[in-house]
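What follows is a set of notes on a single structure, which appears directly below.
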Amino acid sequence: MSETATWQPSASIPNLLKRAAIMTEIRRFFADRGVLEVETPCMSQATVTDIHLFPFETRFVGPGHSQGMNLYLMTSPEYHMKRLLVAGCGPVFQLCRSFRNEEMGRHHNPEFTMLEWYRPHYDMYRLMNEVDDLLQQVLECQPAESLSYQQVFQRHLEIDPLSADKTQLREAAAKLDLSNIADTEEDRDTLLQLLFTMGVEPHIGKEKPTFVYHFPASQASLAQISTEDHRVAERFEVYFKGIELANGFHELTDAREQQQRFEQDNRKRAARGLPQQPIDNNLLEALKVGMPDCSGVALGVDRLVMLALGAESLAEVIAFTVDRA
């Protein structure tokens, strides 16, 4: 297709037909397992507090809201789906549009398709097995391997991420020629993320998907802290062929702890000169009622389709990327 013909889809029609077949296959996977498909709002008055996520903001003006109501496009359907879990819906999944005001490139588009699902009474490992089942079915790949966050750092960077101090992390960064970034960074988790992205990700999941689990407790996000090792969180990510595919948690159910984490995020945002975000009080109220013990995962569908089709970029599997929207 001509580079100037921006009216045309970025993906070919044959690829869009294959994408549709994969979407059908995903829905069949969950229907066969008795998981309910749900739909939740794309906009909310609250948003994520994570310092690494940047939501789109808009303003609603209508009857009863002459002064306007701030709304955020959802970066993930997580909060609404957890409220459904509290309401008693049982296991649920959703295929939806999500939005992040961040980068655009081979593996990123500001608007993308998310597959998210929650399994009451599943621990992290059982959900990892189900993710593996889905990947094998859609990608026809080998069964995944599982490595702890500590193991991948020790294997590829020869440091222990759970005990290394910032000086040791900067020394590891220097070996990767990242001193220009690391030497001025004071946040330990940001240093760890830099090392993980540049020193670990390129080496894992080459032949088969790789689960990395037990991230540091300081990176728990909405996951529980392990009862066996308080240094780590019950959180995992999945990588295949250089691409992060999914991020999952043994979900935090304690409302007070969740509020403290939201508030801590906002303090970090303020320290970095970022806007503090409105906390989702509806989620906190739901957690106070009681969410069943569960695990959940979010998976990037566009990236999954890209891998299934052997494509080189998301543009080959999305009808219209943002520059053609």
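Cβ coordinates are placed from backbone N, Cα and C, and glycine is handled just like the others.
Features of the protein shown, as given by Swiss-Prot:
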type    : residues                                               : note
BINDING : Ser76, Pro77, Glu78, Tyr118, Glu251                    : substrate binding site
BINDING : Arg100, Asn101, Glu102, Asn109, Glu244, Leu245, Gly300 : ATP binding site
CB contacts for Glu78 (substrate binding site) [other CB atoms within 10 A, all chains]: 24
Local Cβ density at Asn101 (ATP binding site) - other Cβ atoms counted within 10 Å: 13
Local backbone state of Asn101 (ATP binding site), from DSSP in three classes: coil
Neighbour tally for Glu102 (ATP binding site), based on other Cβ positions within 10 Å of its Cβ: 13
Same-chain residues at least 6 apart in sequence whose Cβ lies under 8 Å from Arg100 (ATP binding site): Leu53, Phe54, Pro55, Phe56, Thr75, Pro110, Phe112
Coarse DSSP state, helix versus strand versus coil, of Glu78 (substrate binding site): helix
Site of maximum Cβ density within 10 Å, from binding-site residues Pro77, Gly300: Pro77
Environment of Ser76, Pro77, Glu78, Tyr118, Glu251, the listed substrate site - residues of the same chain whose CB lies within 8 A of the CB centroid: Tyr79, His80, Met81, Lys82, Glu116, Leu222, Gly296, Ala298
Ser76 (substrate binding site) versus Leu245 (ATP binding site) - Cα distance in angstrom: 14
Among Asn101, Glu102, Asn109, Gly300, which are recorded as binding-site residues, the nearest neighbour of Pro77 (substrate binding site) by Cα: Gly300
Cα-Cα distance linking Gly300 (ATP binding site) and Ser76 (substrate binding site), given in Å to the nearest integer: 11
